[in-house]
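Colleague: My structure is below; once you've seen it, I'll send some questions.
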Amino acid sequence: MTVVSESTPLVPVTTKSISHTRFLIILSCLFANVFLGSIDSTMVATLLGKMASDLDSQEHISWVASSYLLSCAAFQPLFGKISDVFGRKPIILICTICFFFGCLLCGIGNSLSYLIIGRLITGIGGGGFFALSTITISDLVETRERGLYQGYTNIFFHAGAASGGVLAGFIDSWFGWNWAFLIQLPVCLISGIAIYLFFELPTNNNEITDDKTHFEKFKSLDWNGAFLLVTSLLSLMVISGTNSSELPINSPLWIGLFFYTIIGFITFYFCELKVKEPIIPVKMMHNKTIFASSLNCWFASMGMFASLFYLPFYWTSVKNISPLDCGYRLIPSSLVASFTSVFSGWMIKKTSKYRTMHIISGWCILGGSIIMYFATKENNGFIDSIISLPFRYGLSVDTTTILVAMISSVSQNEQSLVTSIQYGFRSTGSTMGVSLANAILQFCLKSKLNDRFNELKNILPNGWTIEMLKNAKSKALENPAYAFKDDIPIVIKDAVVNSYDYACHGVLVFLIVTGLGALVCIYYTEENDLDDK
């Protein structure tokens, strides 16, 4: 472990049989992967409205986002145990390959189906990037320092978030949105080569080292538990992520998936209690801090990813702002989130305390979501740029403190497993956040459009018929940019814009609810002693 003293350098030399240079190379590889995963998500979020317009698939476009998050949610909880058994390096390389081919498929595809399948594959790799970076850094540094290194990680995460929107807008303006995926391929390739050549962990890390062959290791994994977990999560994501037109709630398939989800999770829980080497040690959830922290991750991730996708969507659909300008508006909040994350990690290292900061972050999440609710289409660019600052500040500090709270609740050799639990809840929350936000948006949008267009039947624009009005409503549902076409009468434009404004504010109410849930969970966590860690 790292020798900690007042003279410890900002990036300390570890004493786990690796040199300072090797330590920096490992960190560089991990940070590069985090940056790649972050910039990818932000570019897709920024381009979501444009892709919906180009493909005329507004009602189904959320599956481009949800498919990525769905595969993250299903596979992220497995990476801790699998990388314990097979080693961090080979699993990171597999994730890199998945990320590469997923981006390639999205880049060369020209239909919604290609995008959804490509994002599913990319999600496996991206989920591994985040989870394995967190797990590997925990292998290398003291728990007391872990918050500081999470802050460094968040700098790269938020740098990707800040630059992704701008880069996506630039690429879309000059080359088309397909190139937002293709441009990631060289970076992914270089990262994979660097990991293959230079990645090496110290011999006394938390990986399981024995004389078993790869086949014996493969057989030793809890595949029954893994199958139950993945299929139950996938089932949960499908029933929460589909709207009534795609999969009605009263349909046999929806009902079957609903009951399978419940039975699957219950069976998984009791199976994992009996297995000698569980894929997820559910006994850890009996710890109040771990359980409350996991729920906090769930609620916070719901709000974070819903805002990540639907705040830019609000700007494009209501204010007709280009993806490039949306990217510019995201920069200030990303910068604030980066620096506050490092500061909170530094404070944890200096004081060995984290709970007070955690509580403050929860109030910032809730208060920030309330502030965002008062966004209006009349706000100028400056207001748009700062309106999410309190919300993003709270999420950034919450991410750092919750990790320290969870890993300080277990022994060193259990940290990779508790990290898998954290990312399981986080990725599940993020997927459900986007899916539920889309369901709310679609419900509010259809309801408001019906009301507004029914009113217009009595005051038809010159030259318009009832049939033309019906077609306009259908097009407005599919294309968020429909209102800004040159030949649209002003009364139609106002009806569509106001409907999207109303629907997006419905999503902002959802953010307030998730913020309240995250805050309540924080009060059930405890402060662990970090002085000897």
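Cβ coordinates are placed from backbone N, Cα and C, and glycine is handled just like the others.
A TrEMBL annotation is a machine prediction, not a hand-curated record.
As annotated by TrEMBL, domain 'Major facilitator superfamily (MFS) profile' applies to 26-529. Look at TrEMBL and you will find 23-48, 60-79, 91-110, 116-140, 152-171, 177-199, 220-239, 251-270, 290-310, 330-348, 360-376, 502-525 tagged as transmembrane segment.
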Colleague: What else in the chain is close to the transmembrane segment (23-48), if you only count residues 6 or more beyond its ends and a Cβ gap under 8 Å?
Modeller: 11, 13-14, 61-62, 64-65, 68, 92, 95-96, 99, 103, 119, 122, 125-126, 129-130, 132-133, 136-137, 140, 152-153, 156-165, 167-169, 171-172, 177, 180, 184, 187-188, 191, 194-195, 198-201, 308-309, 312-313, 323, 326-327, 330
Colleague: Quick one: find which recorded stretch in 152-171, 177-199, 251-270, 290-310, 360-376 has the most Cβ pairs under 8 Å with the transmembrane segment (502-525).
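Modeller: Stretch with the highest Cβ contact count: 290-310.
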Colleague: How about long-range neighbours of the transmembrane segment (330-348): same chain, 6 or more residues beyond its ends, C-beta under 8 Å?
Modeller: 42, 46, 144, 146-152, 154-155, 157-159, 161-162, 165-166, 311-312, 354, 357, 361, 385-386, 388-389, 391-393, 395-397, 399-401, 404, 530
Colleague: For the domain 'Major facilitator superfamily (MFS) profile' (26-529), what's the mean pLDDT in this predicted model?
Modeller: 84
Colleague: Tell me if the transmembrane segment (91-110) touches the transmembrane segment (177-199). I count contact as 3 or more CB pairs below 8 A, with pairs 6 or more residues apart.
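Modeller: Yes, the stretches contact each other.
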Colleague: Would you mind listing the long-range same-chain contacts of the transmembrane segment (251-270), meaning Cβ under 8 Å and 6+ residues beyond its ends?
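Modeller: Same-chain contacts beyond the ends: 225, 228-229, 231-232, 235-236, 238-239, 242, 282.
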